[in-house]
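Visitor: Can you read through this structure? Questions will come right after.
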Amino acid sequence: MKTKLLSVALIAAAFSGGIFLGKGGSNDNFVINNGGGASYAGGYDKNAEQQNSGNSPVSARTVEGKTHVVKDGSSIMEAVKLAEPGDTIQVMPGTYHETVYIDKDDIHLIGVIVEGKRAVLDGQGKLNDAILYSGNNVIVKNLKITRYKGNGIMGQAGNNFEISNNIIVDTGVYGIFPQLGKNGLVEYNIVSGISDAAIYIGMSDNIQVAHNEVFDSVAGIEIENSRHAIVENNMVYNNTGGVLAFITPGLPIKTTFDVIIRNNFITNNNTPNFGAPGSTVAGIPAGTGILVMAADEVIIEDNIITGNKTAGIVITDHENAPNVTIDPESDTKPDKVMILNNLMDNNGYDTLDEVKALMLSEFKQGKPDIIRVGGSRDSCIINRHQYVTVGVDNWKECEFTNTDSIDTYILDEPVPARVIDPSEKGKIAYLGICAGCHTYTGRMIGPPVQIIQALYMDNPEGLAEFIANPTKKRDDYPEMPPQNYLDAETRLAVAKYMLHVKK
Amino acid sequence: MKQIFWGKLILSSLIMMLHFPSFADQGKTTYQTCSACHGEQGQGNSALNAPSLAGQFDWYLQTQIEHFASDLRANDPRDTHGKMMVPFAKQLSDPEQTKQLLSYINSFEAVSVKGTIKGDLKNGSRYYQAKCGACHGGEAQGNPTFKAPKLAGQDPQYLLRQIANYQQGIRGTHQDDKYGRQMAMMANAVSDKELQDIVFFISEQQ
């Protein structure tokens, strides 16, 4: 409110005087380029955990298990049921209408590509999920996935995963969605037509998202409530918002920090928002290149960011973001954001009125490349003179100019497989599955848990029954995908857990 | 105080009328009793604290009438406004008569209350979606699945008073009032500031 009033007064002053005040006292001696300086050391000390890497985060096999070959007309799920940890499942070209659930460790599910023909999983607009895995050391590779309503590939608390070389088209809410995983790689995938995030890293650590092509979705690549992630060499275009680093309030894991977004093409993300109304991503203004919401230690370096009509980079706290409720346990401010060199051009050419008003309050005009609203401590930027900016004038110069010394956050040795104690079944299922769509207090994909608690109170049996076979209840929400791949005991455990969480 | 007094005055004379419904247009005739407080067209009367009935789901009106009659609602001595409704609800003991009455009420046009209160729409929208929309619908249109009534078009002061009632244990406490208890749980999950903006958001819906 204050800024708005202020800006009105300023506009009036500028016009009544018939003059436009340039920003007084600014330094005309630009440093032409600030490249080639010190290198950022990164926020993750690998040595503290273990030493450096090969390529895949997945455990190398000492002995190869069996190879199961699935041919057109037979079922992938049947092969998974027969497989033992250490086995490989090869899926031949053909069309498969099924949901595949991998609840075993060390399974490699690999499509065989013959003369450009792939194994196609086709949900026909009826099935919810294509691939779900909860095992550790799982590889999902070379598949084509289309027309599912929920998830293309979803990881549920599996560590050391690799999702690569898949093509995912018009598939529901999330394209590739590893949730609650540590040490994972998402690379060389093509993902499009997703109504929430095409690639969504949720509540995970040590992640590499590289060389993907992501387009025609609401959110391109989203790093949410996750740490030590690198997003690099991706092509991200024609989404509503390109690359997002978020803290979503109301989730059980409360932080996002140490995210490097570098060497990506982030262009023309101007697609009108088609997210479910009221959901978090539905609040993203079309034309947003990179959006940092409340996440800390986000480094943005050497990206090509062009043609995003609202702005190239938007940095906001929770207070200023639409469709977001405040979580007292999450820090709402994006601190230590570091903007290094980026090629920015033709952004902000059709920006929001609020942004224009903010610009006027800083005596600025033009098409904004970088917008910061709300609080942000200890953030820095280099070569700021190259961009049209709002809200970063008082940021300091960064003390380094590149991230060259950080190769990857993938660990050299796979982390131990997550072992689930039976008493923790409900909790892990909640974190690994439900929290992908339900937050405690806010509307994500599904209704807030707080409301579910009011509806079901002391009736976990009723809740368990619902998730096994959900019925459509709300016009303005998508359908809830059935969780009948979980056994009855897990369903009841997760129902009980859901009715008792407090945040 | 003044309103309650006034309410009591018309109350005694109105109860008499209920006993003489004409068979020709029973619903309309029965409604004459109600119209003194709820308005000719069911639009409500804020001076009498009587909510709008127009545009509301008939199943919701029916349960509320039943709840007033069976002490599931207005069972708390502090609920002075609710108590005004009790004798009228108790008079509606003939199911056929109630049915006709409800179908008559159904013919009323919903009213708009846009512009009757102030608030922050952005805040209201975010908190409404987070705390209410999953039961009452994205546009406060109500949702039969959850027995959640329509809130759009309802007098904002009435809405605020009902939520206060839920918060203070005046409404939604009876063990058999499952839906009331659900609502009471949610009423205790909002702050006053959020509520003001939420009700503003609701008042802007059709």
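The backbone N, Cα and C atoms fix where each Cβ goes, and this holds for glycine too.
Source: prediction; values computed, not measured.
Below, the features straight out of TrEMBL:
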SIGNAL    B:1-24  signal peptide
DOMAIN    B:22-109  domain 'Cytochrome c'
BINDING   B:C34, B:C37, B:H38, B:M85  heme c 1 binding site
DOMAIN    B:119-206  domain 'Cytochrome c'
BINDING   B:C132, B:C135, B:H136, B:M183  heme c 2 binding site
Visitor: Can you tell me the CA-to-CA distance separating B:H136 (heme c 2 binding site) and B:H38 (heme c 1 binding site), as a whole number of Å?
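Guide: Rounded to a whole number, the Cα-Cα distance is 23 Å.
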Visitor: In sequence order, what residues of the same chain, 6+ apart, have a Cβ less than 8 Å from the Cβ of B:M183 (heme c 2 binding site)?
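Guide: Result: B:A148, B:Y166, B:G172.
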Visitor: When each of the binding-site residues B:C34, B:C37, B:H38, B:M85, B:H136 is checked against chain A, which show a C-beta distance below 8 angstroms?
Guide: none
Visitor: Among all the protein chains here, how many other CB atoms are within 10 A of the CB of B:H38 (heme c 1 binding site)?
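Guide: Taking every protein chain into account, the count is 23.
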Visitor: Can you work out the mean pLDDT of the predicted model over the domain 'Cytochrome c' (B:119-206)?
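Guide: Result for the domain 'Cytochrome c' (B:119-206): average pLDDT 94.
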Visitor: Could you measure between B:C135 (heme c 2 binding site) and B:C34 (heme c 1 binding site) for me? Cα positions, answer in whole angstrom.
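Guide: About 29 Å separate the Cα atoms of these two residues.
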Visitor: Other residues with Cβ within 8 Å of the Cβ centroid of B:C34, B:C37, B:H38, B:M85 at the heme c 1 site?
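Guide: Once B:C34, B:C37, B:H38, B:M85 are set aside, the remaining close residues are B:T33, B:S35, B:A36, B:A50, B:L53, B:F88.
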Visitor: Looking only at C-alpha atoms, tell me how far B:H38 (heme c 1 binding site) is from B:C132 (heme c 2 binding site), rounded to the nearest Å.
Guide: 26
Visitor: Enter the number of other CB atoms within 10 angstroms of the CB of B:C135 (heme c 2 binding site).
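Guide: The answer is 23.
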Visitor: How do the residues of the domain 'Cytochrome c' (B:22-109) split into helix, strand and coil according to DSSP?
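Guide: Its residues fall into 52 helix, 2 strand, 34 coil.
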Visitor: What are the helix, strand and coil residue counts for the domain 'Cytochrome c' (B:119-206) according to DSSP?
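Guide: Counting residues by DSSP class gives 52 helix, 2 strand, 34 coil.
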Visitor: Determine the Cβ neighbour count for B:H136 (heme c 2 binding site): the number of other Cβ atoms within 10 Å of its Cβ.
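Guide: Its Cβ shell of radius 10 Å holds 23 other Cβ atoms.
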Visitor: Within 10 Å of the Cβ of B:C34 (heme c 1 binding site), how many other Cβ atoms are there?
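Guide: So the number of other Cβ atoms within 10 Å of B:C34 (heme c 1 binding site) is 20.
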Visitor: To the nearest Å, how far is the Cα of B:M85 (heme c 1 binding site) from the Cα of B:C132 (heme c 2 binding site)?
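Guide: About 26 Å separates the two Cα atoms.
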Visitor: To the nearest Å, how far is the Cα of B:C37 (heme c 1 binding site) from the Cα of B:C132 (heme c 2 binding site)?
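Guide: One finds 28 Å between the Cα atoms of these residues.
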